[in-house]
Amino acid sequence: MDSQRNLLLIALLFVTFMLWQAWETDKNPPATTQTIQQATNAVTGDATNQGVPASGQGKLITVKTDVLSLTINTRGGDVEQAHLLAYPDILGSDKPFHLLETTSAFVYQAQSGLTGKNGPDNPANGSRPLFVTTQDSFELADGQSELRIPMTYTAADGVTYTKTFVLKRGDYALNVDYSVNNTSAQPLELTLFGQLKQSIDLPKHRDTGSNNFALHTYRGAAFSSSEDKYKKYSFSDMDEGLNITTNSGWVAMLQQYFATAWIPTTAGANTFYTSKLGNGQAAIGFKAAPVIIAAGSQQNLNATLWVGPEIQDKMAAVAPHLDLTVDYGWLWFISQPLFKLLKFLHGFIGNWGFSIIAITFIVRGVMYPLTKAQYTSMAKMRLLQPKLQAMRERIGDDKQRMSQEMMALYKSEKVNPLGGCLPLVIQMPIFLALYYMLMGSVELRHAPFALWIHDLSAQDPYYILPILMGVTMFFIQKMSPTTVTDPMQQKIMTYMPVIFTVFFLWFPSGLVMYYIVSNLVTILQQQLIYRGLEKRGLHSREKK
């Protein structure tokens, strides 16, 4: 096998990967033209969540820290809007990224409350509790490390419920604390729940990548439990519904680079559930174990809500395995070390593009012994071609005998016929792992390189990098000796750089840059190896 056939194999593997990616990724149907009714903060669930009735609109209060801007509805105390102040909506925009949203076109909310026999969110009440706050807006002041938003509701029986949101400087994790003061003469049975509700169809203003097969990523629910560290649960999976009991874990809604998640913190078993709601919406949530609060006593119930970017180290500190929401696909065990190395290099270099170039040199340097072995094996195979051709003419159509004598020849000449494949087998997972890393790491979102490349996670707007990549492939092809004699294979190999260029037109520019640098390193290593092979009589500069 020579380098020409290796390119053909790469193309086959590449096409296979893209077809698999298209099949594996949950592709939700395009947004319908049906208008979603103005969303209320109703929590309409199945038997698992017991449901909460629809209700009128409460007062909207605003909460702002250095990294978050939230809108909370006093009717139920749900988070209806969330802007991430450190992340622009699109490249070059002054508008912050809009994660949670409640509009006529799209609904994405983080809901929480107390259901159960005596819960204020029990459907039998007819409406959700209307909390009272001391002010309409809250903002983290300079020098302040923590912001508390207390909301109070007093039920008809005199029981006081205080729901407090606690936000910290620089943190995307919110503590949601319930303090229940049972001043009634009867015990209370309450169940804490947290739910993430989202419209299944994306409106045009939020659909930023579904038309690009190379940039399409997972959007849907996920959870972690005692049995599964990380499991996706797509909108289509919700037709069957999730209903499990676990002593640990979290539930989440995911999209590229960003996530929301409820992490139960109350001791005891929790029920995780999903459901399809009305108006084309779906939900994933948790229900804590019921608690009994005796008459005249007080008790606290709480949970943690993550609303923000998928920053691995910060998410891991909030809950075990929450960092796995950074979706690196089935090659996560390669992507994660690659990202750690890339982040380490970025700490010294200060530019993600140059860090990718540096990691390319490191990877190709580590693989140089295998690359050298590959070219040596291919050179020996080329020298055996006359003997193999004579063997074919002598043996004819007896395939079994031909195979036996070929293996005997390889053994006597100390040639491994698969020796040229090993570097390819290793390079392809690294290439695909880098693809997942670029598509899943929020640190690379809108990361500039130089000149016209302002976002390494997006395609080259002028297609210059894919064309340069095709040129480097062409030079590698022209400089590589070949034993391909079949006219069809020769024609395929001639068009291979063009085919790859077309494929890479829509790929992240950071990935294309990696491939360009890798090709340039290949050209340098190729010339160095060929000089050594010439001295051993295993290579000639004349291309046959």
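Cβ coordinates are placed from backbone N, Cα and C, and glycine is handled just like the others.
Keep in mind that this is a model prediction, so the values were computed, not measured.
The annotation transmembrane segment is assigned in Swiss-Prot to 6-26 (among others) on the grounds of sequence analysis.
Per Swiss-Prot, transmembrane segment is recorded for 343-363 (among others), and the stated evidence type is sequence analysis.
Per Swiss-Prot, transmembrane segment is recorded for 418-438 (among others), and the stated evidence type is sequence analysis.
Outside the transmembrane segment (456-476), and at least 6 residues removed from its termini, the chain residues within Cβ reach (under 8 Å) are 3, 7, 91, 212, 214-215, 352-353, 356, 438-439, 444-449, 496-498, 500-501, 504-510, 512-513, 515-516, 519-520, 522-523, 526. Under the heading transmembrane segment, Swiss-Prot lists 456-476 (among others), citing sequence analysis as support.
For 497-517 (among others), the entry in Swiss-Prot reads transmembrane segment, with the evidence type sequence analysis.
Remote same-chain residues near the transmembrane segment (343-363) are listed as 430, 443-444, 447-450, 453, 456, 510, 513-514, 517-518, 521 (criterion: CB distance under 8 Å, separation of at least six residues from the stretch ends). Here the transmembrane segment (497-517) has long-range neighbours at 11, 14, 18, 212-215, 352-353, 356-357, 359-361, 431, 434-435, 438-439, 444, 447, 449, 453, 455-460, 463, 465-474, 477, meaning same-chain residues at least 6 beyond its ends whose C-beta is under 8 angstroms from one of its own.
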